[in-house]
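**Q** Please read through the structure below; I'll follow up with questions.
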Amino acid sequence: MFVTTADPVLEPPIITINTVLSLLALDYPANKLACYVSDDGCSPLTFYALVEASKFAKFWVPFCKKYNVQVRAPFRYFSNVAISKSEESLEFKQEWLQMKDMYHNLSQNLEEVTSKTIPFQLDGEYAVFSNTEQRNHPTIIKVIFENMDGLSDQLPHLIYISREKRPQYPHNYKAGAMNVLTRVSGLMTNAPFMLNVDCDMFVNNPKIVQHAMCILMDSKSGKEVAFVQCFQQFYDGIKDDPFGNQWVAVFEYIVRGMAGLQGPFYCGTNTFHRRKAIYGVYPDETGSRRNGKLEEKILIQQFGSLEEFVKSAAHAMEGSAYSANDITPSSFIEAAIQVADCGYEDGTWWGKQMGWLYGSLTEDVLTGLSMKRRGWRSECCTPDPIAFTGCAPGGLLSTMLQQKRWFTGHTVIFFGKHSPLMCMLFGKIQFRAGLSYFWVSTLSLRGVFLVCYIALLAYCMITNTNIFPKGLGLWIPITLFVIYNVYTLLEYVKIGLSMRQWWNNQRMCIVRTTTASFLGFLNGMVQLSGLSDIAFDITEKEYPTSSADENSTDAGRFTFNESPVFVIGTTILLVYLTAILIKFWGLQPTHSGNGSGLGEFICSTYVVVCFWPYLKGLFARGNYGIPLSIMCKSAVFAFVFVHFCRSNGLS
């Protein structure tokens, strides 16, 4: 079980330990589980939080299994469960109160430590964190808890990993962290299946491992399944999804629809992987053999020079992983440190033909696409209750930055050597499955076309020209627009979503496509041109203080800052307000031909309505108002565009 975190500020340790505690308490034999936490922030706070959480887990895990607790992340359990039922036993009430007090003390302890300038002395176990920087430090691997006796009713192994980082070596963001986790776990436990979750995605169904194993170990078609994808669902989501970041309809229709082809795409979290598939093996391949033994030279070229890891990889590819009694994680710490070094991957296949692939900020889609190219399938796993739940970005800026990162990665995939077209022509991706990957990888390209359409429409309003027919011909685009919106509305209603949520998603589709998608495309093209490397923006995880966040007066309100991502939206709004004023004041040039009419006016009004939160931001103050610097930059761009239109229109 892999948990990844990268920043103790944007991803508070209290969130990470709740995810870890829910994994340690899974309804599965503990001697067959191992939890690895990758800390790319190299934070002693994260390590300290895990050590304290492991102490609490010795009481929390037996409590969950004794009383068959469903939600095993403590902060969610204690916020949703009360002990007011009279039929509950006195023993349960006493233990419940004891667990709640212990968790409250744990949370309070972490909060106090985090708030201090110098949390604690870096000595003893924490001495390795002294003189370290986030992007310049040696490998740190700590076995926090080890199931020495291999007992099924104890806790699983818990291992902390902070891979080596040096300024002169690219660290390849999350893909690099996942490859280190794969190699370290291959030495320490070498399980044939791996689960990866983001640090904020806790277990909501404790039997999810059994559900996934039923698919991966199915006697008929399980051997062809590279990974099992569980849907994402978010706790305490703001009512009606004002930022359009909960993706309920996308998972219900797009991802579930892909399951009927070669399976859904890899979504980056809540995914069970087959180790053989991650190692680059084909579904019908058992490994390269010579005289009954795996070719050692080939394996060293693929996996690296460490003999112990090559041996574990050979076992995994043959399907004969070590038994639990043959391995103790602590006996492989020195070897694990070697495979986590910056230079270990040099000259190997890691990140190129095996493991999590490098080159795109959306390493999940790229890696899943590569596995499908080799002929693997994937499956959806949608148990009731849902398998995992997490926290969606809590504000407009977090949403935009997250989606800009996605769109940047999609652009690189579409124009790269692993594009869906190349995988269909030279790989084993079926035609319809390839079309579904085209839908994913072209998300960023839509921003370019939509910005062009919006610019053309504004040009028509300013210059008194038209792109829509008049008279009866206007009913054709109007009818198509109505049919599309009615159809999508019915899709939302069918799965129990509100009309307001449908509208919020329609509005945000226009906003994010013209802003985050457009910027993501530009970033992707810059990366492909080699002019600059694109930074990985970590999405801020917000730890809720209560279960009533959606009732807050600030919940769902649009906040702004001086981020460049708001310049495009503000510019579009100012251009359209200017275009509408020009039409109403009769400042359009006159032509002998047809000028702009009802079609152009309706579409212009629709664009302004979609950017209504930006319009309110022009007049609001504080965080709810668009900063003056953004308005000035946008006003300059808008003035240049309007001046260009007027000059061409008059000529």
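Using the three backbone atoms N, Cα and C, a Cβ is placed for every residue, glycine included.
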**Q** Quick test of your reading of TrEMBL: among 21-38, 597-614, where does it put transmembrane segment?
**A** 597-614
**Q** How big is the Cα-to-Cα gap, in Å, between Asp364 (active site) and Lys174 (Mn(2+) binding site)?
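**A** With distance taken Cα to Cα, Lys174 (Mn(2+) binding site) is 9 Å from Asp364 (active site).
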**Q** Restricting to CB pairs under 8 Å, which listed stretch, 437-460, 597-614, 626-645, is in contact most with the transmembrane segment (472-490)?
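**A** Answer, by Cβ pair count: 597-614.
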**Q** Could you tell me the C-alpha distance between Lys174 (Mn(2+) binding site) and Asp40 (UDP-alpha-D-glucose binding site) in angstrom, no decimals?
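**A** One finds 9 Å between the Cα atoms of these residues.
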**Q** Between Asp40 (UDP-alpha-D-glucose binding site) and Asp198 (Mn(2+) binding site), what is the CA-CA distance rounded to a whole number of Å?
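**A** Per the Cα atoms, Asp40 (UDP-alpha-D-glucose binding site) and Asp198 (Mn(2+) binding site) stand 13 Å apart.
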**Q** Cα distance, Asp198 (Mn(2+) binding site) to Glu11 (UDP-alpha-D-glucose binding site), nearest Å?
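**A** A Cα-Cα distance of 10 Å.
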**Q** So if I exclude everything within five residues of the ends of the transmembrane segment (626-645), which remaining residues of that chain have a CB under 8 angstroms from its CBs? That is, six or more out.
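**A** For the transmembrane segment (626-645), the nonlocal Cβ contacts are 455, 458-459, 462-463, 560-562, 566-567, 570-571, 573-575, 578-579, 614, 617-618, 620.
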**Q** Is the transmembrane segment (437-460) packed against any residues at least 6 beyond its ends, judged by a Cβ distance under 8 Å, and which are they?
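**A** The answer is 254, 265, 365, 369, 372, 406-408, 410-411, 413-414, 419-421, 423, 429, 466-467, 510, 513-521, 524, 568, 572, 575-576, 579, 596, 600, 603-604, 607, 641, 645.
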**Q** Residues with Cβ closer than 8 Å to the Cβ of Asp198 (Mn(2+) binding site), same chain and 6+ apart in sequence?
**A** Val3, Thr4, Thr19, Gly268, Thr269, Gly390
**Q** Do any residues, 6 or more residues outside the transmembrane segment (597-614), come within under 8 Å Cβ-to-Cβ of it, and if so which ones?
**A** 396, 454, 457-458, 460-461, 466-470, 474, 477-478, 506-507, 510-511, 558, 566, 569-570, 572-573, 576-577, 579-580, 583, 626
